[in-house]
Amino acid sequence: MSRKYPNVIITGTPGVGKTTTAQELIEISKSSDSPSSSIPLKHLSVNKIAKEENFYESYDEELQTHVVDEDKLLDHIENLIANGAGEGGWIIDWHVCDIFPERWIDLVVVLRCEDTKTFYERLTSDRKAEGGEKRGYTGRKLQENIDAEIFGVIAEEAKEAWPNEGAVVELISEEAEQIEENAERIWEWCKRWVKDNPRDVDGEEG
Ligand code: DAT
């Protein structure tokens, strides 16, 4: 592993709070006042990239969703991640995690909203998170996402793809104050990773 900063994926069923949490984490990293612990984290919103670059393969009418061309997406993200000598610090935000090679990612955070009433309200609400996707889910799209969250489908996929002890962390994202708490936890984890993985001047592992 030759990264200077850790790559983190924030995943979970649509509506659990990935984008909001990633944005909060970036804010925390920017306001960190200690130069020794400063980490230039970068938000990589996969939904945004897929839309901007038009990495859509087709449209699923029943699920009212675009089907992403995963090969194009992975090539694009690989280029981004390899930039800057692959220094790391990418905060990847997407509901799919297991298409990414295991070695790209140092920590997988699965946000959870097991309180079905809260989750239902979020998915059916028309509110749009800043830079996020418009909700107002109905029909099969709504039901499939609620079921996926109840059964913890994404957490299972994450644990299968990253079987190493401690590689996957599940955090509850039900209450508003948990957004900041979770972002703080991920930030503390990033700082510890940097301390535990020191580099020498050549950028080699120390
Ligand atoms: P995601 O990126 O996982 O699809 P989001 O960040 O767009 O989710 O959040 C969806 C909506 O839910 C948005 O209006 C913000 C709200 N939300 C997210 N996490 C929350 C939390 N822990 N408490 C209260 N509201 C939350």
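Cβ from N, Cα, C; glycine included.
These figures come from a predicted structure and were not determined experimentally.
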Quiz prompt | Same-site ATP binder from ARG103, ARG135, ARG140, given that TrEMBL records GLY15, GLY17, LYS18, THR19, THR20 | solution = ARG135
Self-check item: region 'NMPbind' range according to TrEMBL, out of 45-68, 165-188
Solution: 45-68
Practice problem: Measure the Cβ-based neighbour count of THR20 (ATP binding site), defined as the other Cβ atoms within 10 Å of its Cβ. | Solution: 22
Quiz prompt | Confidence summary (mean pLDDT) of the region 'NMPbind' (45-68) | solution = 94
Quiz item: With DSSP, how much of the region 'LID' (134-144) is helix, how much strand and how much coil, in residues?
Solution: 6 helix, 1 strand, 4 coil
